[in-house]
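Novice: This is the structure I have questions about; it appears just below.
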Amino acid sequence: MDSSTATAMTAPFIDPTDHVNLKTDTDASENRRMGNYKPSIWNYDFLQSLATHHNIVEERHLKLAEKLKGQVKFMFGAPMEPLAKLELVDVVQRLGLNHLFETEIKEVLFSIYKDGSNGWWFDHLHATSLRFRLLRQCGLFIPQDVFKMFQNKTGELDMKLCDNVKGLLSLYEASYLGWKGENILDEAKAFATKYLKSAWENISEKWLAKRVKHALALPLHWRVPRIEARWFIEAYEQEANMNPTLLKLAKLDFNMVQSIHQKEIGELARWWVTTGLDKLAFARNNLLQSYMWSCAIASDPKFKLARETIVEIGSVLTVVDDAYDVYGSMDELDLYTSSVERWSCVEIDKLPNTLKLIFMSMFNKTNEVGLRVQHERGYNSIPTFIKAWVQQCKSYQKEARWFHGGHTPPLEEYSLNGLVSIGFPLLLITGYVAIAENEAALDKVHPLPDLLHYSSLLSRLINDIGTSPDEMARGDNLKSIHCYMNETGASEEVAREHIKGVIEENWKILNQCCFDQSQFQEPFITFNLNSVRGSHFFYEFGDGFGVTDSWTKVDMKSVLIDPIPLGEE
């Protein structure tokens, strides 16, 4: 490796003060609003170098990983108590190894589901809760009534449970898989949250205290699995009963998957800098954030097509979003939208050069993705993409009309449009196109089914909670918080708490959709869940997507850039 490459490889970030935003001819001659986004902190020379200089996994590590996989498969087949089997599944999943042991995990969970009547988990809070969570995660329905045994005569959870921190933590995590109307689980969530908050600082076992603090910050069901795996590998290493075989395999596999992701990042970065979209002063330059989101949705190496096309469509989508939000006039946006509806370039010469560039990038990339899908999957997806883009741009157009007309819609009207304008119907449809069984299956996503409706609505509301202050400062469209304030006269604090409550309720509906949506199977159900988890990652503490130099860069660097040290072997 030469010195210039070495320099690039050691500098994933750039100094934003060194960045020069290029302006187009229309920027220079017209008074347009600007997004006021800070320049990307990611060094695109470094990102491009990952295509050829990603973390190479040594041959000896590949051989060791295969050996360890065999040992873990033996663990799954060995005689053990049901609770021990559940705990093995839980650790394997949290370490990010479930993609290696899908068959073994299903066999364990189906076996435990069938044997549920023997009652080995009765009166054991941790066992009951873990069994409930893992089986529901797998799509196997367990009723909330299994927790009735922990209630007292008045129907409330017994105070004796407060002494069982491990059991309370399992109950807390299980409660987030509840459905709307499952009051026992609602009570369990409130009960466990209250007592874990009061107890965690006094927990003597450091590993358990760390898990409790982590869970209270955000429950496992709402976390991105790939990011969680990176955190859990480090946390698991500190546990007294840590299994060294699982830990070693988790580290090796994490680095092996990361190497695959890095090669993809490098290739995508090379494409992105050729588009010219990274030079637009008013728009976000967020390729790596888009990749992180695609990785949140579908990190398994076998979903390469889904990941790459989500990034390509998503990166262009972000710029289109910014064009509607802050750049285009209403007349220009109407012309842009009508051109999308016709899927035609005939009228775009009437647009300013910047919007022509954006339209052609959207048009060409979508058609390229369609051709790739035709080649790799054997069916024509372009009509599906066109429908999704039309729906997308019409939602942007409506928000622009609200803004330019000074109109604040009621929350319900805003939400129905906002669940489309957030962009996740388009991105999830992109992911679905990459895994669909055949061309006929593409009809399932139009009109928007409940699974996509509620996952997209959740992402919209979570986005609004995190981005409202920044977007209002930029002069962007109103958000759900402000619609609710205008509709009800509530304060911002009350409105924010209301939207948080709506998020919790819609998570319950989405949980149920995962069982009700018989027309969709895995992995698309998990794609939808993971898209919402990605929203929690990027927006839980602010705008971690639009503001690149935020708390998210630490996790992104640890997941996408830095391999886990393997230590002595």
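Numbers here mean position along the shown chain, with the first residue as 1.
Placement of Cβ uses the backbone N, Cα and C atoms for every residue, glycine included.
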Novice: Which of Arg284, Arg342, Arg372, Arg496 shares the (2E)-geranyl diphosphate site with Asp321, Asp325, Arg460, Asn463 per Swiss-Prot?
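Specialist: Only hit among Arg284, Arg342, Arg372, Arg496 in Swiss-Prot's (2E)-geranyl diphosphate site, alongside Asp321, Asp325, Arg460, Asn463: Arg284.
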Novice: Mind giving me a neighbour count for Arg460 ((2E)-geranyl diphosphate binding site)? Other Cβ atoms within 10 Å of its Cβ, every protein chain shown.
Specialist: 25
Novice: What is the one among the binding-site residues Asn463, Thr467 whose Cβ has the most other Cβ atoms less than or equal to 10 Å away?
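Specialist: Selected residue: Asn463.
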Novice: Sort the binding-site residues Arg284, Asp321, Asp325, Arg460 by C-alpha distance from Thr467 (Mg(2+) 3 binding site) and give me just the closest.
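Specialist: Of all the candidates listed, Arg460 is nearest in space.
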Novice: Give me the DSSP three-state residue breakdown of the motif 'DDXXD motif' (321-325), ordered helix, strand, coil.
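Specialist: The motif 'DDXXD motif' (321-325) comes out at 5 helix, 0 strand, 0 coil.
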Novice: Over all shown protein chains, what is the count of other CB atoms within 10 A of the CB belonging to Asp325 ((2E)-geranyl diphosphate binding site)?
Specialist: 22
Novice: If you skip the near sequence neighbours and keep only those at least six away, which residues in the chain come within under 8 angstroms of Asp321 ((2E)-geranyl diphosphate binding site), Cβ to Cβ?
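Specialist: When sequence neighbours closer than 6 are ignored, Asp321 ((2E)-geranyl diphosphate binding site) has Tyr396, Ser421, Gly423 within Cβ distance under 8 Å.
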Novice: Where the record says Arg284, Asp321, Asp325, Arg460, Asn463 bind (2E)-geranyl diphosphate, what is the longest distance in Å from one Cα to another among those residues?
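Specialist: Taking every pair of listed residues, the largest Cα separation comes to 18 Å.
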Novice: Please state whether DSSP places Arg284 ((2E)-geranyl diphosphate binding site) in a helix, a strand or coil.
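Specialist: Note: Arg284 ((2E)-geranyl diphosphate binding site) is coil by DSSP, not helix or strand.
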